[in-house]
(Lines of atoms letter the chains of each structure in order from A and count residues from 1; the text may use other names and numbers.)
(Lines give C-alpha, C1' and ligand atoms only; values in the text may rest on other atoms or scores of the structure.)
Protein backbone atom coordinates (compact mmCIF):
# COMPACT_ATOMS: atom_id res chain seq x y z
CA UNK A 1 0.00 0.00 0.00
CA UNK A 2 1.38 3.40 -0.98
CA UNK A 3 2.17 5.89 1.74
CA UNK A 4 -0.08 8.92 2.19
CA UNK A 5 1.81 12.20 2.07
CA UNK A 6 0.49 15.41 3.57
CA UNK A 7 -0.28 16.71 0.08
CA UNK A 8 -2.32 13.63 -0.79
CA UNK A 9 -4.17 13.76 2.54
CA UNK A 10 -5.11 17.41 1.99
CA UNK A 11 -6.27 16.75 -1.57
CA UNK A 12 -8.45 13.91 -0.30
CA UNK A 13 -9.88 16.23 2.36
CA UNK A 14 -10.76 18.71 -0.37
CA UNK A 15 -12.66 15.98 -2.21
CA UNK A 16 -14.39 14.28 0.72
CA UNK A 17 -14.87 17.01 3.33
CA UNK A 18 -15.01 20.11 1.13
CA UNK A 19 -11.82 21.55 2.60
CA UNK A 20 -11.27 24.78 0.61
CA UNK A 21 -8.38 24.65 -1.84
CA UNK A 22 -6.92 27.87 -0.41
CA UNK A 23 -6.78 26.29 3.04
CA UNK A 24 -5.09 23.22 1.59
CA UNK A 25 -2.43 25.34 -0.09
CA UNK A 26 -1.92 27.36 3.10
CA UNK A 27 -1.31 24.24 5.21
CA UNK A 28 1.17 22.96 2.64
CA UNK A 29 3.09 26.24 2.72
CA UNK A 30 3.21 26.20 6.53
CA UNK A 31 4.47 22.60 6.39
CA UNK A 32 7.23 23.57 3.96
CA UNK A 33 8.26 26.39 6.28
CA UNK A 34 8.37 23.93 9.18
CA UNK A 35 10.68 21.68 7.16
CA UNK A 36 13.05 24.62 6.70
CA UNK A 37 12.89 25.47 10.41
CA UNK A 38 13.61 21.81 11.21
CA UNK A 39 16.73 22.01 9.06
CA UNK A 40 18.03 25.05 10.97
CA UNK A 41 17.19 23.52 14.35
CA UNK A 42 19.02 20.29 13.48
CA UNK A 43 22.16 22.17 12.43
CA UNK A 44 22.52 23.73 15.89
CA UNK A 45 26.02 25.00 16.61
CA UNK A 46 27.16 23.86 13.15
CA UNK A 47 24.85 26.46 11.62
CA UNK A 48 25.75 29.23 14.06
CA UNK A 49 22.12 29.55 15.15
CA UNK A 50 22.44 28.93 18.90
CA UNK A 51 22.46 31.68 21.53
CA UNK A 52 20.54 34.91 22.00
CA UNK A 53 20.01 37.95 19.78
CA UNK A 54 20.40 40.41 22.67
CA UNK A 55 16.88 41.73 22.04
CA UNK A 56 13.48 41.17 23.65
CA UNK A 57 10.11 40.39 22.06
CA UNK A 58 6.82 42.03 22.98
CA UNK A 59 6.50 39.60 25.90
CA UNK A 60 9.70 40.91 27.46
CA UNK A 61 11.43 37.61 26.71
CA UNK A 62 14.98 37.43 25.38
CA UNK A 63 14.89 36.40 21.73
CA UNK A 64 16.98 33.45 20.63
CA UNK A 65 18.57 33.55 17.19
CA UNK A 66 16.32 30.71 16.10
CA UNK A 67 13.22 32.61 17.29
CA UNK A 68 13.97 35.34 14.78
CA UNK A 69 15.07 32.96 12.01
CA UNK A 70 11.91 30.85 12.41
CA UNK A 71 9.68 33.92 12.46
CA UNK A 72 11.23 35.24 9.26
CA UNK A 73 10.89 31.85 7.54
CA UNK A 74 7.16 31.71 8.29
CA UNK A 75 6.56 35.30 7.18
CA UNK A 76 8.48 34.96 3.92
CA UNK A 77 6.93 31.59 3.07
CA UNK A 78 3.34 32.74 3.59
CA UNK A 79 3.18 36.40 2.56
CA UNK A 80 3.13 35.96 -1.22
CA UNK A 81 0.77 33.01 -1.84
CA UNK A 82 -2.52 34.90 -1.90
CA UNK A 83 -4.09 32.75 0.85
CA UNK A 84 -3.68 35.18 3.76
CA UNK A 85 -5.02 38.57 4.74
CA UNK A 86 -2.48 38.87 7.56
CA UNK A 87 -0.35 37.15 10.16
CA UNK A 88 0.41 37.52 13.87
CA UNK A 89 3.32 36.09 15.82
CA UNK A 90 4.60 35.83 19.37
CA UNK A 91 7.75 37.56 18.15
CA UNK A 92 6.04 40.68 16.71
CA UNK A 93 4.35 43.55 18.54
CA UNK A 94 1.64 44.08 15.92
CA UNK A 95 -0.23 42.20 13.21
CA UNK A 96 1.74 41.65 10.00
CA UNK A 97 0.27 43.25 6.90
CA UNK A 98 0.50 41.37 3.61
CA UNK A 99 2.63 43.59 1.33
CA UNK A 100 0.56 45.46 -1.24
CA UNK A 101 2.37 43.82 -4.17
CA UNK A 102 0.82 40.46 -3.21
CA UNK A 103 -2.87 39.46 -3.38
CA UNK A 104 -4.77 39.08 -0.12
CA UNK A 105 -6.58 35.90 0.81
CA UNK A 106 -9.40 34.86 3.12
CA UNK A 107 -7.41 33.54 6.10
CA UNK A 108 -5.38 34.76 9.06
CA UNK A 109 -2.35 32.84 10.32
CA UNK A 110 -1.30 33.07 13.97
CA UNK A 111 1.84 31.33 15.21
CA UNK A 112 4.51 30.80 17.81
CA UNK A 113 7.48 30.29 15.47
CA UNK A 114 9.61 28.37 17.96
CA UNK A 115 7.92 27.26 21.15
CA UNK A 116 10.30 26.13 23.89
CA UNK A 117 13.23 28.03 22.38
CA UNK A 118 14.79 28.54 25.83
CA UNK A 119 15.69 24.83 25.52
CA UNK A 120 17.49 25.15 22.19
CA UNK A 121 20.98 25.42 23.64
CA UNK A 122 20.52 22.22 25.68
CA UNK A 123 19.15 20.20 22.72
CA UNK A 124 15.61 19.61 24.02
CA UNK A 125 12.68 19.19 21.61
CA UNK A 126 11.07 22.44 20.45
CA UNK A 127 8.34 23.20 17.94
CA UNK A 128 6.21 25.54 15.86
CA UNK A 129 2.55 26.10 16.82
CA UNK A 130 0.03 27.60 14.38
CA UNK A 131 -3.65 28.48 14.11
CA UNK A 132 -5.76 29.43 11.08
CA UNK A 133 -8.78 31.76 11.30
CA UNK A 134 -11.09 33.21 8.67
CA UNK A 135 -10.54 36.89 8.08
CA UNK A 136 -13.62 39.05 8.81
CA UNK A 137 -15.21 40.30 5.59
CA UNK A 138 -14.52 43.97 6.28
CA UNK A 139 -10.76 43.37 6.02
CA UNK A 140 -10.76 41.38 2.78
CA UNK A 141 -10.44 44.37 0.45
CA UNK A 142 -6.99 44.72 -1.08
CA UNK A 143 -6.89 48.33 0.09
CA UNK A 144 -8.24 47.74 3.60
CA UNK A 145 -5.59 47.95 6.33
CA UNK A 146 -5.63 45.04 8.76
CA UNK A 147 -5.59 45.70 12.50
CA UNK A 148 -5.45 43.62 15.67
CA UNK A 149 -9.24 43.48 15.95
CA UNK A 150 -9.45 41.09 12.98
CA UNK A 151 -7.57 38.42 14.95
CA UNK A 152 -9.56 38.68 18.19
CA UNK A 153 -11.79 35.67 17.62
CA UNK A 154 -12.51 32.87 20.11
CA UNK A 155 -10.79 29.54 19.54
CA UNK A 156 -14.06 28.02 18.35
CA UNK A 157 -13.56 30.01 15.12
CA UNK A 158 -10.35 28.19 14.19
CA UNK A 159 -10.59 26.30 10.90
CA UNK A 160 -7.26 24.51 11.35
CA UNK A 161 -4.50 24.21 13.91
CA UNK A 162 -1.33 22.26 14.29
CA UNK A 163 2.22 22.09 15.46
CA UNK A 164 5.53 20.76 14.24
CA UNK A 165 7.78 19.14 16.81
CA UNK A 166 11.52 19.05 16.14
CA UNK A 167 12.84 16.07 18.09
CA UNK A 168 14.41 12.71 17.20
CA UNK A 169 11.89 12.82 14.34
CA UNK A 170 10.22 15.92 12.96
CA UNK A 171 6.45 15.48 13.12
CA UNK A 172 3.51 17.61 12.05
CA UNK A 173 0.31 17.26 14.09
CA UNK A 174 -2.76 18.67 12.33
CA UNK A 175 -6.48 19.11 12.80
CA UNK A 176 -8.93 20.50 10.27
CA UNK A 177 -11.79 20.09 12.74
CA UNK A 178 -12.43 16.41 11.99
CA UNK A 179 -9.96 14.61 14.24
CA UNK A 180 -6.20 14.74 14.64
CA UNK A 181 -3.60 13.31 12.26
CA UNK A 182 0.14 12.91 12.70
CA UNK A 183 2.69 13.15 9.88
CA UNK A 184 6.38 12.25 10.13
CA UNK A 185 8.98 13.97 7.97
CA UNK A 186 10.67 11.50 5.63
CA UNK A 187 13.93 13.34 4.98
CA UNK A 188 14.85 11.13 2.03
CA UNK A 189 11.48 11.71 0.38
CA UNK A 190 11.33 15.34 1.52
CA UNK A 191 7.67 14.99 2.50
CA UNK A 192 5.53 14.65 5.59
CA UNK A 193 3.99 11.16 5.56
CA UNK A 194 0.85 10.12 7.45
CA UNK A 195 1.94 7.85 10.31
CA UNK A 196 -0.74 8.45 12.97
CA UNK A 197 -4.23 8.29 11.47
CA UNK A 198 -6.51 8.87 14.44
CA UNK A 199 -4.79 10.31 17.49
CA UNK A 200 -6.87 10.02 20.66
CA UNK A 201 -6.15 11.17 24.21
CA UNK A 202 -7.13 8.54 26.80
CA UNK A 203 -9.88 9.81 29.12
CA UNK A 204 -8.00 8.73 32.24
CA UNK A 205 -4.31 9.05 33.01
CA UNK A 206 -1.57 8.41 35.55
CA UNK A 207 0.79 11.18 34.37
CA UNK A 208 0.84 14.94 34.78
CA UNK A 209 3.11 17.78 33.70
CA UNK A 210 3.63 20.90 35.80
CA UNK A 211 6.55 23.02 37.02
CA UNK A 212 6.64 22.01 40.69
CA UNK A 213 9.12 24.77 41.56
CA UNK A 214 6.20 27.22 41.41
CA UNK A 215 4.03 25.27 43.86
CA UNK A 216 4.11 27.90 46.60
CA UNK A 217 2.61 30.46 44.18
CA UNK A 218 -0.38 28.41 42.96
CA UNK A 219 -3.99 29.08 43.80
CA UNK A 220 -5.75 26.78 46.29
CA UNK A 221 -7.58 24.54 43.74
CA UNK A 222 -4.32 23.65 41.97
CA UNK A 223 -2.53 23.14 45.29
CA UNK A 224 -5.28 20.74 46.32
CA UNK A 225 -5.32 18.81 43.05
CA UNK A 226 -1.54 18.38 42.76
CA UNK A 227 -1.38 17.41 46.42
CA UNK A 228 -3.87 14.63 45.73
CA UNK A 229 -1.82 13.45 42.74
CA UNK A 230 1.34 13.31 44.85
CA UNK A 231 -0.46 11.42 47.63
CA UNK A 232 -0.91 8.51 45.20
CA UNK A 233 -2.52 5.33 46.49
CA UNK A 234 -2.72 6.71 50.02
CA UNK A 235 -4.65 9.81 48.93
CA UNK A 236 -8.25 10.45 47.86
CA UNK A 237 -7.60 9.47 44.20
CA UNK A 238 -6.35 6.01 45.25
CA UNK A 239 -3.86 5.86 42.38
CA UNK A 240 -0.17 6.54 41.87
CA UNK A 241 0.78 9.26 39.37
CA UNK A 242 4.07 10.10 37.65
CA UNK A 243 5.18 13.65 36.93
CA UNK A 244 6.91 14.69 33.69
CA UNK A 245 8.04 18.24 32.89
CA UNK A 246 10.07 19.19 29.81
CA UNK A 247 9.45 22.97 29.93
CA UNK A 248 8.54 22.95 26.23
CA UNK A 249 4.77 23.09 25.66
CA UNK A 250 5.03 21.34 22.30
CA UNK A 251 7.02 18.46 23.80
CA UNK A 252 4.78 18.10 26.87
CA UNK A 253 1.54 18.23 24.86
CA UNK A 254 2.93 15.81 22.28
CA UNK A 255 3.59 13.28 25.02
CA UNK A 256 0.00 13.71 26.24
CA UNK A 257 -1.34 13.13 22.73
CA UNK A 258 0.81 10.03 22.45
CA UNK A 259 0.03 8.33 25.76
CA UNK A 260 -2.33 10.50 27.78
CA UNK A 261 -1.76 12.84 30.68
CA UNK A 262 -2.47 16.32 31.97
CA UNK A 263 -0.54 19.52 31.16
CA UNK A 264 -0.87 22.42 33.60
CA UNK A 265 0.52 25.94 33.45
CA UNK A 266 -1.78 27.64 35.97
CA UNK A 267 -1.86 31.27 37.00
CA UNK A 268 0.09 32.05 40.16
CA UNK A 269 0.72 34.80 42.69
CA UNK A 270 4.01 36.07 41.25
CA UNK A 271 2.23 38.35 38.78
CA UNK A 272 -1.33 38.74 40.10
CA UNK A 273 -2.33 41.09 37.27
CA UNK A 274 -1.67 38.39 34.65
CA UNK A 275 -4.17 35.52 34.25
CA UNK A 276 -1.41 33.11 33.24
CA UNK A 277 1.88 32.68 31.41
CA UNK A 278 0.95 31.11 28.06
CA UNK A 279 -0.50 33.13 25.18
CA UNK A 280 -4.13 32.52 24.28
CA UNK A 281 -4.00 33.17 20.54
CA UNK A 282 -0.96 31.22 19.40
CA UNK A 283 -0.37 28.66 22.15
CA UNK A 284 -3.50 27.88 24.19
CA UNK A 285 -6.08 28.08 21.39
CA UNK A 286 -4.37 25.87 18.79
CA UNK A 287 -3.29 23.32 21.40
CA UNK A 288 -6.78 23.27 22.92
CA UNK A 289 -8.35 22.74 19.48
CA UNK A 290 -6.01 19.80 18.86
CA UNK A 291 -6.59 18.28 22.29
CA UNK A 292 -10.39 18.56 22.02
CA UNK A 293 -10.36 17.05 18.54
CA UNK A 294 -8.41 14.13 20.01
CA UNK A 295 -11.05 13.57 22.69
CA UNK A 296 -9.44 15.55 25.50
CA UNK A 297 -10.44 18.77 27.21
CA UNK A 298 -8.94 22.19 27.96
CA UNK A 299 -9.76 24.85 30.54
CA UNK A 300 -8.35 27.91 32.27
CA UNK A 301 -9.69 26.45 35.51
CA UNK A 302 -13.14 27.94 35.15
CA UNK A 303 -14.02 28.12 31.46
CA UNK A 304 -13.37 26.18 28.28
CA UNK A 305 -10.38 27.88 26.66
CA UNK A 306 -11.89 27.80 23.15
CA UNK A 307 -14.85 29.88 24.40
CA UNK A 308 -12.70 32.77 25.65
CA UNK A 309 -13.12 35.97 23.61
CA UNK A 310 -9.64 37.50 23.21
CA UNK A 311 -9.18 41.10 24.28
CA UNK A 312 -5.67 41.57 22.90
CA UNK A 313 -3.32 39.84 20.50
CA UNK A 314 -0.82 38.82 23.16
CA UNK A 315 -3.32 37.98 25.90
CA UNK A 316 -2.15 35.43 28.46
CA UNK A 317 -4.18 32.65 30.00
CA UNK A 318 -3.96 29.84 32.53
CA UNK A 319 -3.87 26.45 30.76
CA UNK A 320 -4.95 23.02 31.99
CA UNK A 321 -5.41 20.46 29.20
CA UNK A 322 -5.27 16.77 28.44
CA UNK A 323 -7.20 13.70 29.56
CA UNK A 324 -10.85 14.65 29.95
CA UNK A 325 -11.53 13.07 33.33
CA UNK A 326 -8.65 14.91 35.01
CA UNK A 327 -9.45 18.26 33.38
CA UNK A 328 -13.02 17.98 34.64
CA UNK A 329 -11.74 17.20 38.15
CA UNK A 330 -9.51 20.29 38.27
CA UNK A 331 -12.32 22.47 36.90
CA UNK A 332 -14.68 21.20 39.60
CA UNK A 333 -12.13 22.12 42.29
CA UNK A 334 -11.92 25.67 40.90
CA UNK A 335 -15.70 26.06 41.01
CA UNK A 336 -16.20 24.82 44.59
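Each Cβ is built from the backbone N, Cα and C atoms, and glycine gets one as well.
Source: prediction; values computed, not measured.
Among the candidates 79, 90, the residue that Swiss-Prot names alongside 112, 114 for the Mg(2+) 1 site is 90. Listed by Swiss-Prot as binding Mg(2+) 2 are 112, 115; the candidate from 271, 283, 292, 311 that the record includes in that site is 283. Of the residues 18, 198, 211, Swiss-Prot places 211 in the same substrate site as 115, 116, 117, 118, 277. The secondary structure of residue 115 (Mg(2+) 2 binding site), as reduced to three states from DSSP, is extended strand.
Taking Cβ-Cβ distances under 8 Å and a sequence separation of 6 or more, the neighbours of residue 112 (Mg(2+) 1 binding site) in its chain are 89, 90, 128, 129, 130, 279, 282, 283.
Take the mean position of the Cβ atoms of 90, 112, 114, the recorded Mg(2+) 1 site; other residues of that chain with a Cβ within 8 Å of it are 67, 70, 71, 89, 91, 111, 113, 115, 117, 128, 129, 282, 283. Under the three-state DSSP scheme, residue 283 (Mg(2+) 2 binding site) falls in the helix class.
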